[in-house]
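S.K.: This is the structure I have questions about; it appears just below.
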């Protein structure tokens, strides 16, 4: 027994010593200070200031960038400055936690990649210290990896997507299972939209501080019976000798076969493509050609279009009309109010209530109007008047939607974009203060 214990201790100590002896060679270590002039002046997504540095590959480069003064994000961009095409961002380390001038990015002999403020406060790190790391590099597919002496990845950027999936990158059940949109082109914080891998499908959600739970506004479903999705990967699949298709491919725990949904067939090299949940709530696939110049980028897939092929036009995106608006075929063309349909502009908003007391407000009705929430959320079965009573008793409810054919009711904690349908069995009710005029709007 004593011999076994001693032997086990010996092997444990040996493994520890081997790991401890593995260090990053001096020539592969670096310390970058966020200072000095800017490096990239080609057209750049979000119109930021950029400082690029090593490591980089032919098509990818690690950079500091900012869209507001003295607030920098550590990010990976794709594109080639020589082509004069737009450089785009495909991965970020510190969204929502920007660093200032003179911040540092350090890759030392212990193998940890650390982003810190000038005063030493750590903002982000890979937590790879003393794990046998010997190097860092960016692969041809845009995956930034930290690896050991056997070439095994100790850390990889593919495991922590933000709003983007590169070809070969996945959402995982036991890992990062969602993408989260950017708040806006100028503000790099988490936005209200997310693409989530659930047990049997991919779902687009809209979430704000007013919604009791995320509201689904689009779903990717699969015709194959699924037990539990383990992962969903953005893949480039060779269809023929000269054509490639872009798919989302899922691995199901209950089947030996993958499930797949086809997205697009780029005319360029499909392997330099990425799928992104945009700040506007749409999903787009961008494909890049290393041969083209200013036309290097193609949008090869868009989830919400205005071609009327599947009913999922841009009016189905919650904030397409910003604060409030009535939409048809992707166009925000009216601002509903209880004095009529007014012309829409960016100032359109829902009525403001001074009190939750039912005596102080009423509803105005919009016939033929639908909501982004009704298609993928079941609602409840009740009468039209009972639906209104529920909203009236709920101070957070801004209005409600009712389907007279199915007797389904949805309470609206965010109204945002309404869709004009022409179907009078669909009706929307909006709370308005009693100081304004009551009106029923037929559209």
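Just so you know, glycine gets a Cβ as well, placed from its N, Cα and C.
Heads up, here are the entries from Swiss-Prot:
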{"type": "DISULFID", "residues": "387-409", "note": "disulfide bond"}
{"type": "DISULFID", "residues": "391-397", "note": "disulfide bond"}
{"type": "DOMAIN", "residues": "29-159", "note": "domain 'Bulb-type lectin'"}
{"type": "DOMAIN", "residues": "356-433", "note": "domain 'PAN'"}
{"type": "CARBOHYD", "residues": "66", "note": "N-linked glycosylation site"}
{"type": "CARBOHYD", "residues": "102", "note": "N-linked glycosylation site"}
{"type": "CARBOHYD", "residues": "258", "note": "N-linked glycosylation site"}
{"type": "CARBOHYD", "residues": "269", "note": "N-linked glycosylation site"}
{"type": "CARBOHYD", "residues": "434", "note": "N-linked glycosylation site"}
{"type": "REPEAT", "residues": "254-296", "note": "repeat 'WD'"}
{"type": "SIGNAL", "residues": "1-22", "note": "signal peptide"}
S.K.: Can you tell me whether DSSP puts residue 66 (N-linked glycosylation site) in helix, strand or coil?
M.R.: strand
S.K.: Give me the count of other Cβ atoms within 10 A of the Cβ belonging to residue 102 (N-linked glycosylation site).
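M.R.: Summing over all protein chains shown, residue 102 (N-linked glycosylation site) has 11 other Cβ atoms within 10 Å.
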S.K.: Which number gives the other C-beta atoms within 10 angstroms of the C-beta of residue 387 (disulfide bond), all protein chains shown included?
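M.R.: I get 24 for this one.
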S.K.: Once the DSSP letters are reduced so that anything not helix or strand counts as coil, what is residue 397 (disulfide bond)?
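M.R.: DSSP call for residue 397 (disulfide bond): coil, neither helix nor strand.
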S.K.: Sort the residues of the domain 'Bulb-type lectin' (29-159) into helix, strand and coil with DSSP and give the three counts.
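M.R.: Its residues fall into 6 helix, 64 strand, 61 coil.
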S.K.: As a test of reading the model: what is the averaged pLDDT for the domain 'PAN' (356-433)?
M.R.: 97
S.K.: Which residues of the same chain, at least 6 positions away in sequence, have a Cβ lying under 8 Å from the Cβ of residue 391 (disulfide bond)?
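M.R.: The list for residue 391 (disulfide bond) reads 397, 399, 400, 411, 412, 429, 431, given in order along the sequence.
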S.K.: As a test of the contact definition, list every same-chain residue at least 6 positions from residue 258 (N-linked glycosylation site) whose Cβ is closer than 8 Å to its Cβ.
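M.R.: Sequence-distant Cβ neighbours: 249, 250, 251, 252.
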S.K.: Within 10 Å of the Cβ of residue 434 (N-linked glycosylation site), how many other Cβ atoms are there?
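M.R.: Around residue 434 (N-linked glycosylation site), other Cβ atoms within 10 Å: 13.
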S.K.: Name the residue among the glycosylation sites 66, 269 whose Cβ has the smallest number of other Cβ atoms within 10 Å.
M.R.: 269
S.K.: Using DSSP, break the repeat 'WD' (254-296) down into helix, strand and coil residues and give each count.
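M.R.: DSSP classes over the repeat 'WD' (254-296) add up to 0 helix, 18 strand, 25 coil.
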S.K.: By CA-CA distance, flag whichever of 66, 102, 269, 387, 409 among the recorded positions is nearest to residue 434 (N-linked glycosylation site).
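M.R.: Checking each of 66, 102, 269, 387, 409 against residue 434 (N-linked glycosylation site), the shortest Cα distance is to 387.
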